[in-house]
Structures are given as structure tokens and as C-alpha cells.
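To start, the structure under review is shown below, and the notes come after it.
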């Protein structure tokens, strides 16, 4: 019987086919491959929804498609490609394909209508990007995940550097690839370590590495090679190694620096990268192998701390940026910090929830920004905008919805997910100082987020137009407005899939759909459920405000209040007819924030140091290593030159030398032979 | 009978005189004559020990050696003549255009 | 047993057994005869044809004898003639094959070289007489015949080197060669007399038999052996008797250099191998460890020859030094001999013989290529050779073959001979000889490849129009040597097996 | 007899190409070079895996014939292939044909000699990978150098003479060291031929005796060290690598392709066949030094590449770096380590071949390889540039391309190695190479290929011709094919490498 799962490969392959078609035939096609891309991603979306429904109807799926390589002797590793379709991946498939489809449609407006060159390359890149991400999502083992993770990196390189004829984009593309590659190095070491430790990298099943790790810690499994460490210690090391890749891709501190630069790419690509593909990949990976991470409290604490810190750290940088997309970039870093905080504090569902809502509102914000950029003739400086509210209402209202979600204002999607993250961190922080630090920073980031978000909104859309272009912006077409509308609705209402506070406060059972979904209530794979993670996880819940309900209410109130404070401040400062810069009020911090805490400078310095070292190595190589080689040759030749000098050309000398040599030999052998 | 050591001393002395001549003389003809002395040192040994061992091998060989020495001188004189024609001298040290 | 008390020799049998030598001698006389019958007519080609035919027939007969096993253990053993003063066996025939091959190549090449010569008959007959004498050297079994044949080979050689009477280089070369040769001959003769003094015989087997009884004369014997060695070192151009070689090879007409550096060197080794293996092996324990002597000299010779060659600017002189270096390699064949290890001794000496065989072709070919360049009048230095590969590709390919083969690259015959030599040395436990050989080989690759570099990599910097004339004889000889050098890689089997068998017979 | 036919045909083709006029040589040579491809593909299709040729496994297409005898040893003509050598034979034939086509544009002088030498080199390379008798192997091994010497010396860049002689002499010295060591080893074994299987099995049976006072154990260690040094030069690894950049920079593109693609693999192939198959116990004695050499080669080679400004020099140093991985895989003595090392030989052969070819195509157009001299080439020659980008990503170990497969196998094999102490540390250090490689390749690409177009020429820069692009496409296809389906080769490689591990006493 044909089931939805038979078409799982097609979900990945359709965008891939679109890539191939656009690459080779794109220039002959109408719209240079855009329609093919839309068709392919829409097809994938439909199939993904079908798969989602299939999971909803109670089944899950795991299948191996292709054995990549297989050991035969002492290292019987099986390296293969397969699909793991469970509630998590099914949800993610829908998100990715939805965003990808909308981005393709939007690109018609942003790229085709704007008369960009090299469109086949653009659509080929989008197709490959989508395909890679989908391959990553369905991966049923860590190696396959790594491979598609890398391909995602490649695609980001290609798309960020799309405008290769300028100086900036190629440099940004290089930086994006290189910084994430640095993280991936640790990831790859982790993958290798997982194989060396467990002999398998499968995510699911009794022989999967999380399951083996669990039983190894319980002492029930023998033969796990932990390289002389305690299992927990070793698993912490391995977990942190894999986390390196996550930090790189999800742009967490200190590997976040590539992401703001990545704004050099076309705006739809930014939407794709930030909402559904590259950056999401890191967080998704942690969720995918959550069963491994929850085993080691240290790792969890570090994840939470990194997440909380990044959330605050990136948010502070967002408040001084002048360019629309830059603000969004820092907001992305910050929001993924929240997801990491959630994962680190045991909020598996909360993280997935925020991943979902963020995908919608961040895609929305980027596409909205793209719409503004079209209107502004590719001027991104917010100080040149203003008053666009009336000129482009669709963009404004959808952008506003996205902003409210991002700022975490009730009842938009972002409120629910962010609130749950902070709640989870709060109730688990009891005896965990790392968690508590993460929570505190996450909470502090809330007003900052609301402030920069609405600073952006007010500067862009409110007040008076501050430039000629802003007074007469270029109109946008259906292909821009359509995707914005879809996402605007989603950003407003996605919260309903998981209204835990409502459930807890009002006692309405069953409206925490996402919890039930991820808990395999309808279908799923044994061992990959949220309550399993909670069981083996290190945390216990304490309620600092007495009861659970009180804590829920207090937590929500605090975060909402803080968000409103940030919003209010932005309103006061920037929702005026002629806003001015207030950065001077920051004092010494201004320069620090403008320069992104000198993180870029630090990394450039590091890169230059490396080049310096390599220059020295080259000097050493040329001078010493090769010098020895040439020295041996020179010494040989010079000694040859000396040796031949005994051939003086004078025959008398020859006779003398001959006689002397013969005499010397006679004497030597006389002594040796004892003749006398 | 004269002990064989005496012959050896005599021939060695002669050989060394010839060698000394070679090392000190620049004139090609002297050089040639010194070589003759050295060959004759060998001949003394051959003849003496032919007597000592009681066979004729040494004496016969000495005759051949003398004949060869003569032939050698003939060739040598020819070369020295050519030397004189080309370099205007019979100084063996003069012909030193090729070296190293 | 003295010479006069022996039974009368069966002359017909002797002449038949010595047929290659006789043919060479007769050819030489024939050349002289033709020249005296028609002294006026320019008969260069006729003379050369006669000489070529003679050497080739002699070569043919030699190869036939070798193939038929004349003098081999399987077919009656070595043929002793003239009261054991001459012995025809595999080793002798093997070396005669080298001499006749080289002589044939040189004669063919000389046709063009002597085109404008007044008296080519003298050249050919001297060459043939020298070849005859060398062949006699190879079959000498008595120190008397060794000395006589060695001198017989040397005297025509002196004349050949100084053949260009009006050329200062040639005369200077002849003089130096002659003077050092004369001193060496005297040393050699004195050495023989001392050996005779100690053992009472000149026949090699009898000397060997008498060494055991030498007691108080051991020192005399030792000095004698060392001086005899000196005579051979001169002939093979080994340190410290090598001083003549760079100048003689550089100054002599290039075909003569080819002949001397290949055939004459091989002849020196032919007698040295026989004399030391047959007569002096027992002396290793008694009088003088001449294995060590040759070991030291081999090392010094390899180092001196190869290092001095490295920085030469004149190609011919570079080849002269390389020839000294190769003498060092062949000396390993003597150096690695130890008392009582006949199998290992035979292996290494056989390898040395095979090396000399291959060397005969590759080195002759290399010098003949230089003869060709001299014929064109291009010049003598590496710079002058620049770009010849474009103008004369076939000859330049052949030269590259010779160079790589001399360097011991496994592509050509020189590989097997040199490597089997090292292999034999390692087999006999003398890994240090092989190591020095390997190091110097590596260096040699540098200067040999300089020639290839000049021929092929450099752009022509002079006028190469002279290259439009094609010296047929030189071309034929160079190409023939090249083809044989290549074929000696796959076809090395018969060579090494013959050499090994011959060497084994000596040590048996 | 298929191997003999392959060799004979290639030699004959070389001679034929030498003889034809220059203007026909290029097409004739390419046409003729397709036949060895067909031959090697036939061998591949007819090949049934059956273990390692040296350790007693089944040898495919085996022929033995006596050749000559020396010192009581029988020399044989002995050829055959197993799962280790067959992929390399296929690589050789494939790469040669493509290299010949890539020569059409740059080689405009003495073509028949050039193509003749290429085919001659191919024949010798096939010989190297199929020979099973030491002397047959050694002859081919050294004979490869001669065509390469001429290719660099005649058709190379400004410093070609220096580079050619350096390459030639350096690698020959190394061969001599190895030769002497190997001879000493054979003479201490009760074998009667120089057949590599016989020698291996005799060593495995513990039949090594002392050699003129050197005890068997010491002898084995000395021989291992000497052979390692000898082969290390060819590979090359730090610190004996300096001939390689010079040779690569000066060599014409097709010669660079062959040098990086196949000639370097001779070194690692020989290490695998000789050092690690014959003397596994000694290898474990030297494990830490060799591990250090591997890591230093990877990191130091990559750092050197980072400092270069000549595109070819960058790729050349990165070859040093990549070869370090292979050494790491070999010394790990695990299934995936050794198998991965062998796979990486093929993978790196294809990828470095692609890189050199692509750089060559760019050089054909720009006449410069200096990074700072050009910018934005992607604007003018998009196809060549994007293939170069693909090649660079393959070099960086992008998944689903052959380089990742090889590197990952090596890493996963060596991380858990028991033969190499501190294996995880060594592996993790070596793996950092994947970051540096990305650094220098991306930097070079950003500067040369992207950004505003800038190049000072007095002519119009045009797209590369089809015959320049076709070999690039073919190589890229092969790289992706092997990246997606490494088991095409990996299965047979494992089949041939696992017996080595069993021979090594469970190391």
C-alpha cells in the first residue's frame, strides 16, 4: 500500500531536481527557474503535510535508503542514509517547505521583477539549499545529519555570495562558511567520536547512540569505548564537540559573527537562512539528539548558559543598528539564544515551539524588510525611511504582526513560545546556577528585544518620510504581498498550537497540542518523546512563586511587562514625527555596541595572526627545510669543486700524489698486515 | 751465495732512485730515463730470484720486460717529439692546459 | 715447472681456441697491408669496413664460443694453452665480447671522424692492435703474459690519444697518459718481480698454491700485491692512479676516449679480476687484506669521480670523471671478495663484469655522441650543447638514454648492472660499499641530468646550422649503442647469467 | 594477460605518438588513451574481490613468468591486481586521458613528444600499480620519473630546470635508500624470488634472520625506518616535501595533474604495500613518530598553503596536507583507517587533478596564477570558475564528494585506533586541517574569482574552450559519483586491507 512515507525521498528530491533544472536549463525557462522552484517546493510542502497527517494518524517511520559504506571486520560501522519521520521531523518538514515555498514566491518579486542577473544560479542555489535542509531534517543518523549540515553551509556560501561582482558578498560568504566550518570541525570530531564510542550514529532505536549512552551510564551496557573516561565525562565531551557545530550554525556566541555579515545575501535568502534552514539546523540538531544531551547535566547547563547569554548579548547589539536587516540579524541570533536556553533547561517542547513560531515571524520580518527594500530601491538605512505605513499598508500590518510576535506581546505567537522558554528555565533553575544565569539573561533580553524591534518599526514606518525615495516608494506586487499575508496570519495565531499557560491556569486539558504531539501521543518512535527526555533528564521542577499556576502567571506577567516597558521606551523615543538618534545616551557603551563588542575585530585579529604564523611557517619552510635540501646540494657541489682541484694539470704533481698515495697505502697495510 | 735480501735492497734502492728522478725532473727525457731505472729494478729482482728459485721464468720474463721497455721508449720519444712541436719545449710541466 | 720444459704446443688447437684474438690481430695486419698496397688512394671507408668486419667477426666468434660453452665447466673446463700462460674460459670470452663490441662501435663511428685524416690506416690498426692486446689480457693466466699484453695494449693507446699530432690538447693528453702509464708500468713490473720473489712463479694458479708456503716473505708478497694492484688501478683509471684519465679522455679524439674509457678500463678489470681471484685470494689471510684495499679505493674512487664530475663545465671532462666513478663501482667486484665465500664472491664479481659489459655500450655511446658534437664543431661545454635536442632528436634521445643508464635509472641496462652490483655487495655483507655507491649514484644523477637538461630543456643559444650534416657512421654507432642499452634491460638475463657462470668458474 | 595487453598497448601508443607529426598528436594521444580506460574498466567489471594480493589472497589477472636469476634469486615478470591496486589503475587511466585533453590548449610546442611522454608515464604507472615482483615494480617505479622529468623540464615554467632536477634527484635518492633497505631485508629471508607475496608471507611467518650481525628485530626496525623515509619523500610528508611545490609550480598543467593525481599516490601505495603490510609490528613501534609526522604534515602543510600567493603553490601545499591524512589512516591500523587511506588516494587523485586542471584553465586565459594579480574572474569565465569552486569544496571535504568520504573514513578509523597511542588526540589535531583548508581556499577564491573584475591584459578574456571544460566536468562527475557511492571502490579496498590487519596480529 502506498503511504505518505514512500514519498519522503521525494520531499528532498523535488527541490534537488529544481536545482538541477535551474542550473542547466534555467536560462531557457520562463522566470529563469522560479516556477520550477515554486512547483518543487510546493510539491514538497504538500507531501510534507501528507507526512504530517500520516504521523498524526498514528504512525512513524524509519527507513534506510542507501548504504554509503560498510565495514566488514573489526570496525563494523554501517554508514548509511535513511529517513527518520517522527513528530519532530514531520513538523520541521512542513515548516521548512512552507517557508521555502513562500521565499520562492517572494523571490519572483524581489529578484525577477528587480531585473537581477544570473537568476538560474539563484534558483539553483535556493533549490539546493532547500533540498539540503530537508535532507538534514529527515536524517536518521548523525553522520547523514552532518553531511547535509555541511551542504547547507555550502548553499549559504553560494547564496550569501550571490552578488559576487561586489566586494562585500564574497567576503561575507567566506566568513559565513569559515566560521561555521570552525564549529563544524568540532561537530565532525564529535561524529567520529560517536562512531568510535558506540559503533553507530543512529538517532533512534535500541541500538542508537542515545540509547546506548543511557544504558552505559546506567551500567547496563558493556563494550562502549569511553577512552578511559567515566561514561558521563566522555559523553559530556562528545556532546560538547557536537555542540560546536550547533554554535556555529545557529550563530551562538562566540561564533555568531558571520550572521550579520550574511545580510549581504539577497533578502529572501536571509529569510530562508534565518527562519527555516541554516540557523535553524543547529537548534534542530540538538532537539534531534536530545536524548543524548539530557544525559549529561554539564552539557545542558552550558547550552542554557550559552543560549541565555547569546540572547541578551545579541539583543544589546540590535539596539544601535541603522540598517533594517542588521537589526533583524541580531534579533535572529538573540532568538536562537532563547531556543538554546530552552533546550539547555529541559524545555524540549518549548524550544521546538519557539523554533516554529520564530520561523514564521522571522521569515515574515525578513520578507517584510525585503518589501521595504524593494520600495526603497535597495537602501536599507532606516534613517532614510519613515512614514512608509501609509504607502505600503500590507507590508506595514504584516510587519507589525511579526514585530509584536518577536517582541513577545500577548497574544502573538512569540509571546507564547518565549514565555514557555522562560517558564521552563525558571522552574528548573532551582539548584542550577548555570540555568539561573541563563534565565536571568533571557529575561533581561526581553525588554531589549521589544525596544529594538519597535525602534525598527517606528523608524521605518512611522513619522515623516526622511528621504525622497521614502516619499515615493516603489510599489510591490502580489508576489510580495501574498507571502507576507500568509506569514502575517501565522505569526499572529501560531500560538494556539501550544497554549500551556492557558491550560494550566484555566485547567483546560488538551490544548497543549504541541506537547502532546511531541510526546508521541498520536504516533512516534519509542525513546524520542518529550516525556522520555524529561524522565532521563537531570532537572526537577521547583515553583518559586508557590504553586504551579502562580508561577505560570507570575512568569508571564513579568516577561510581558518587561516587553511592554521596552516597547514603551521605543514609542517614546522614536514614535515621533522627526525622530533623532539617542545613542549618545548610552555613553561609553555606544562605541562598544556599534562595534559589536569588537568581536569581529577580535576574529579578524585572530585570522591575521594565523596568517602571520603561516607567513612565518613559509619563511621557515623556504629558509630552513628547503634550505637544508639546497644546502646539501650546495655542499656537494662545493666539495666537488674542491675535490677536483687536486687535478692541477701538472703531470709532476700527479706523479707526486701517486707516489705519496702508494706510500701511504704501503705503510697502512704494512702496519695492518704486520709485515715488519 | 748472496742472501736474497741484498738483491731486494739493491732493487728497491734502484726503484727509489728512479722514483726520485721522476719526482724531481721536469725534462721529459729524464723522466723517461728514470722510468727505465725503475723497470730495471724489477728486472734485477726477476733475474735474482730466478736464480734463487731455480727456474728460468724470471729470466725469460726479464728479457720480455727489456724489450717492452725499448718499445715504450720508442712510443715515448714519439710523443715527446710531438710535445716539442706543439709546446716548443720538452718540459713536462709546461703542458698543463687541461686541469680541474 | 719452467717454461722451456713443457710439451710442444698444439698450434692448431691453440689458434682455434684463440680465434677471436687471432682474427683481431689478422685484421689489424690486413689494415696495414691494404694501406701499404695502395698508400696513395684515400681508402678510409675500405679500411673502416675491413676493421669493422674483423671486429664483428671476432665478436661473432666470441659470442658463438660463449653460447657453445667453450671453456666452461660443462664442456671440458678452461682451455689452457702455452704452458698455462693463456687460458680460454668464460670470463676471458666475456671480456673479449666487450672489447670487440666497443671496438666495432668505435670503428664505425670513426669513419666520419677520420674523413679528412691523412692516414686513417694508422688509426684503425692501432685500435685493432690495442683490441688484440686487450683480448690477450683477458685470457692471460700468467703474470708475464699479463704484463706483456697490458703493455701491448697501452702502447697503441698512448699513440691513439696523441693521434691528433697538431692538436695541443691531444698531445698533452698523450703525454700525461704516457708518463703516468710509464710510471705505473714500472710499479707494476716491480710488483710482479716481488710476487715472483716471494712465490717463485708467475703462473697464477701456481702463485696461489705457493702463497700458503710464504712465511717470512709475506711482507714482500704484500708489497708486491699492492704494486700489482697499482698497475691495474692505472689501467682502470682508479684512485690514486687515475690522474691521467680526465686529461687523456678530454684531450684525445672522442672515439679514442670512448675506446679507452670503455674497453681499456674493462681490460684492466679483466686481468685484475683474474689475477686477484685466481692468484691472490689465499693472500687475503696471509699477506695483505686486498679486499679492504680495494674497498677503500672503491669508496675514494666513487666519491672522487662523482664529486669532481658534478661541477664540470666541459661535457667530455664530466664524462671522464664519471668514468672514474664507474671504475669505483666496478672495484666493488673486487672489494667485496672474502676468503672462502665463493658463491657470494662470484655473485658480486659477476655483477661487476655485467656492469662493465653494459658500461661498454652506454659509455661508448655517450663518448660517441660527443664525437658527433665535435664533428659538428658545436663546442664542448654544457652551454654549447643547449638545444641540440631540437636539431638532432634521435641522437639526443640516445644520449639521454646513455645518461640515465649511466646514472643507474632502472629504465635502461645500466640499472640492472649497477643495482646487481650493489645487491651483490649487500649479499656479501658489504652494505657500506652499496651505501656509498647509492649516495654517489644519486649525485651522479645530478650531473648526468645536466646533460639531458642542456640537450632538451635549454633553448639553443648558438648557431646549430652545422647540424644539418648527418654523419652516418656516427649516427649508426650511437643509435646502435642506444638500442642495445635499452634492450639490455629486458635482455639482461643472458648477460648476467653468463657473467655469473664465468665468475663462478673462476672461484670454483 | 589483460595487464600485459594494457601495458603493451600503452607503450606502443606512446611510441606511435612520438612518431606522428605535432599537429595530429593531441587528438591521436587522447583517442589512444581511451583504450586503457576501457581496459581498466573491463578489469574493474571482471574483478572479483578476494583479499590482499600480498598476504595470500586471490590475485586477479595474475601472470608469472621467470625472467632472470641473480645470486640464487629468481626474478620474475609477476603482475596482478587486488582491491588496493585496481582503483589506482582505474584512476591512472582515467586521469591520464583527461590530463591529455587538458594539454590541448597549453601545450603548443613539440606536441608529439609531450603526448608520447604522457602515455609513456601512464604505462609505467600502470606497471607500478600492477607489479608484484620487486624488481618489476622498482623498474616501473623509477621509470615514471623520467617522463615527468622531461615534462617539467621541457614544458615547464621559468624555473623549470631547477624544479625538474630537484624533483628528479630528490626522489631518486629516496628510492636508493629504500632499495638498499629492502635488499637487506630480502637477503635475511629464506625466499627464492623477489615476489612481493612470497616476501610478505615469509615475514609474516617470522622467518626473518639476522643480517651480518644485525639481529632480526633491529634489522626489521632499521629497514622499516629506511623504507619509510624513502617512500615519505615520494608522498611527500613534512619535512621532505620541499621538492613538491617547486615541481608543481613549474610543471605544465597536465604534468601537475599527473604529479598530484597519481605520482604522489605511488608513495602512499608503496607505504601501504611495503611498510604497513610487510612490517606491521615495526609500524606500531614507530606509531607515535609517524602519527606526529602525519599531523604535522596536515597542519604545517595547510599553514604553508595559507601563506602562498600562487594558486598552484596553494594546491601543491594542500596536497602535502592531504597526504598527511593518508599517513594518519595508514598508521591507525584499523579497517576504516587503512581502507580510508586507500580510498583517499583515489579521491585526492581526482580532486587535486581537478584543482590543477581548473587552475590551469584559468592560467591559460590569464597567464598569471598570482592571487593578487586578478579579481572577479567568475564574471568572465563562469563555467571554469564554478567548477573550480566545486573542486575547492571537494578539497575542503564537502560531503557527497569523494574527498569527504576518504577523510571521514580515515578519521573514523583512526579515532578509535589501538595501534596508535593517543589516537583521538592525533585524529582531532589532524582534523583541524579541514578548517585551515577552507580558510586558504576560500580566501584565494574570494580574491581571484569574486569581487569586481580586474586583470591587466592586452587582450579580451574569453570563456574557456570546450576541450578545456570537458575534462573538468568528467572529473567533477567522478568526484561526486565516488562521494555518493564510495562503496564502488571501498568494498574492494576493505576486502584487500582487512587481511593486512589480520596479518598484523590484531593490531
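Here the Cβ of each residue, glycine as well, is placed from N, Cα and C on the backbone.
Keep in mind the model is a prediction, meaning the values are calculated, not measured.
Here TrEMBL flags D:73-122 as domain 'NADH:ubiquinone oxidoreductase chain 4 N-terminal'. TrEMBL lists D:132-419 with the feature domain 'NADH:quinone oxidoreductase/Mrp antiporter transmembrane'. Annotation comment: TrEMBL describes D:84-107, D:114-132, D:138-155, D:167-191, D:211-233, D:254-272, D:284-307, D:314-333, D:345-363, D:383-405, D:425-445, D:466-489 (among others) as transmembrane segment.
For the transmembrane segment (D:425-445), the partner stretch with the most Cβ pairs below 8 Å, chosen from D:314-333, D:345-363, D:383-405, D:466-489, is D:314-333.
Stretch with the largest number of CB pairs closer than 8 A to the transmembrane segment (D:254-272), among D:167-191, D:284-307, D:345-363, D:383-405, D:466-489: D:345-363. The listed stretches are D:138-155, D:167-191, D:314-333, D:345-363, D:466-489; of these, D:466-489 has the most Cβ pairs under 8 Å to the transmembrane segment (D:383-405).
Residues of the domain 'NADH:ubiquinone oxidoreductase chain 4 N-terminal' (D:73-122) grouped by DSSP class, helix first, strand second and coil last, total 30 helix, 9 strand, 11 coil.
The recorded stretches the transmembrane segment (D:345-363) and the transmembrane segment (D:84-107) share 3+ CB pairs below 8 A when only pairs 6 or more apart in sequence are counted, and are therefore in contact. Counted over residue pairs separated by six or more positions, the transmembrane segment (D:84-107) shares fewer than 3 Cβ pairs under 8 angstroms with the transmembrane segment (D:314-333), which leaves the two as not touching. When each of the listed stretches D:167-191, D:211-233, D:314-333, D:466-489 is scored by C-beta pairs under 8 angstroms to the transmembrane segment (D:284-307), D:314-333 comes out highest.
For the domain 'NADH:ubiquinone oxidoreductase chain 4 N-terminal' (D:73-122), the model gives a mean pLDDT of 92.
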